[in-house]
Amino acid sequence: MNYDSQQPPLPPLPYAGCRRASGFPALGRGGTVPVGVWGGAGQGREGRSWGEGPRGPGLGRRDLSSADPAVLGATMESRCYGCAVKFTLFKKEYGCKNCGRAFCSGCLSFSAAVPRTGNTQQKVCKQCHEVLTRGSSANASKWSPPQNYKKRVAALEAKQKPSTSQSQGLTRQDQMIAERLARLRQENKPKLVPSQAEIEARLAALKDERQGSIPSTQEMEARLAALQGRVLPSQTPQPAHHTPDTRTQAQQTQDLLTQLAAEVAIDESWKGGGPAASLQNDLNQGGPGSTNSKRQANWSLEEEKSRLLAEAALELREENTRQERILALAKRLAMLRGQDPERVTLQDYRLPDSDDDEDEETAIQRVLQQLTEEASLDEASGFNIPAEQASRPWTQPRGAEPEAQDVDPRPEAEEEELPWCCICNEDATLRCAGCDGDLFCARCFREGHDAFELKEHQTSAYSPPRAGQEH
C-alpha cells in the first residue's frame, strides 16, 4: 500500500526568497506555516504542531537538507530543486536528464554522459554529475577504511582464531576466565636469562670505558659558587683576628705618650738635619736629585704661605669682633648718659695696638673705668629710687593705720605672686608701676625700657616676702 498516495495535495511554498531547501526561516515551535512536508518540516495541515506528521516525529527544522528527495520534490512544485527559486518568465524551468528533477539554468550547468540517453552528453545537476563521472568504484574507495586498519583487523582475527576453537562450547564467563588465565601464564613466563658469555662481554665493555677524573672538593665548591653567583670561597677575605688588649689603662696611656714622644723626636730630627743633609747629598748627583729638592723647597714655601695667610685672616676676624664689641659698649654708655648713640664712633674709643703690653694694660684700665662709670650712672639715675631704699628692703611701720594701704593698693592675689623677674626669671628687685606692676631685675629693666620710659615710669623697690609672711 502506497502511503504517500493517500496524502492530500500540498500547498506551494510562499517563500520566494529562499535559496535552498534547508534555508527556510527560523520558526518557533508550535507555529503555523504553509510548508507541507509530511514527516516534520513544519505543518502541512492545521492542528499539527511543529515536528509532527502522519509518519510520527518529523525531521525538524534543521533536517530539511537530509529529507527524502521524493518528499521534498512534492513541496518544490514550480521551484528549483537546487536553489528553491520560483520559476518565472525570466527564470525558466529545466530538467535533469538523469534524475528528472526541475532545476534552473544556473543549477543545471554540468554536462555528463547519461546512460538513459545512450551515453550522450546531456545537462545534469551537480549530484548526478558526481555520480556519473566518478562511478561506483570511486564511491567505494571514498568510504573504504584505510589499509592499515584492515591489516590490524586481519591480524587480530588471525590471533583470535585458535582461541575460538578452544573456547567453543564455553559460556561468556568461562571465556573471560580462560582469557585471564592465558594472560597470567604469559606474564609468569621466565624472562630471557643472559648467558655467561654475554655477561662477560658486558663486564669487559664496562671496564674498557674511560673513566674521567673525579673533581676535587675545591673545584665543586667553585662551580657551585659560580652557578649561584657568589664569591669563590678561595677569594673570600679571611676575617682579621685582633688579640684582646690586656694592658691596663695606665699602661695604655704611658705607651701612647711614649709613641707620641718618639714621633715628635723623629719630626724634630727631620726638620733639623734632614733638609741640609739632603741638599749636601744632592750636590754630587745629577738632575733628578736637584729637581726633587727644588720641588720640596717650593712645597714648603707654599705651605708656610698658606699658614701665614690663615693666621692673618684669623687675627683680622678677631680684631673686627673686638671692635664691634667696643662700639656696642660705647653706644650703650652713650644711651645711659643721655647722648645720641648714633654719633658715637670707634675713633673715640680706639685702643692702641696689642703689640705693646703697656698700651694693652692701659686699654684694659680704660674699659674698666668706663664700666665703673656706667655702674655709677645707674646708681645715680636710680630709676627714681633713692639709694637707701635700694639697699634697705621695704617694710611697713608698725603703727601705720589701715588707711596707709590706700596709698599702694594691692589685691590679695598679688601677695602670692612669684618673686621672679618677668623676663629672665632671676630674683626681682624692682616693681614698675608703668608696666602694670610687673617685677624686673635691674638688668632687664634697663634693657627693656627706652630713654623715655626710664624717665616716666615710676618704680619701687621689691623684696621677696618671707616664709612667715605668706600666710
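Each Cβ is built from the backbone N, Cα and C atoms, and glycine gets one as well.
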Of 62-75, 174-187, 300-313, the range Swiss-Prot tags as motif 'MIM1-A' is 174-187
In Swiss-Prot, the member of Ser216, Ser234, Ser354, Ser460 to which phosphoserine is assigned:
Ser354
Quick one: sort out which of 256-269, 326-339 is the motif 'MIM1-B' according to Swiss-Prot.
326-339
Among the residues Lys91, Lys97, Lys150, Lys207, which does Swiss-Prot list with the feature SUMO2 cross-link?
Lys207
Of Ser137, Ser163, Ser293, which one does Swiss-Prot label phosphoserine?
Ser293
Give me the sequence-ordered set of same-chain residues, not including Cys80, Cys83, Cys104, Cys107, with a C-beta within 8 angstroms of the centroid of the Zn(2+) 1 site's C-beta atoms.
Tyr81, Gly82, Ala84, Val85, Phe103, Ser105, Gly106, Leu108
Among all the protein chains here, how many other CB atoms are within 10 A of the CB of Cys104 (Zn(2+) 1 binding site)?
20
I'd like the number of other C-beta atoms within 10 A of the C-beta of Ser463 (phosphoserine), please.
13
Cβ within 8 angstroms of the Cβ centroid of Cys96, Cys99, Cys125, Cys128: which residues besides those meet this for the Zn(2+) 2 site?
Lys97, Asn98, Gly100, Arg101, Phe103, Leu108, Val124, Lys126, Gln127, His129
Tally the residues of the motif 'MIM1-B' (326-339) by DSSP class, grouping H, G and I as helix, E and B as strand, and everything else as coil.
12 helix, 0 strand, 2 coil
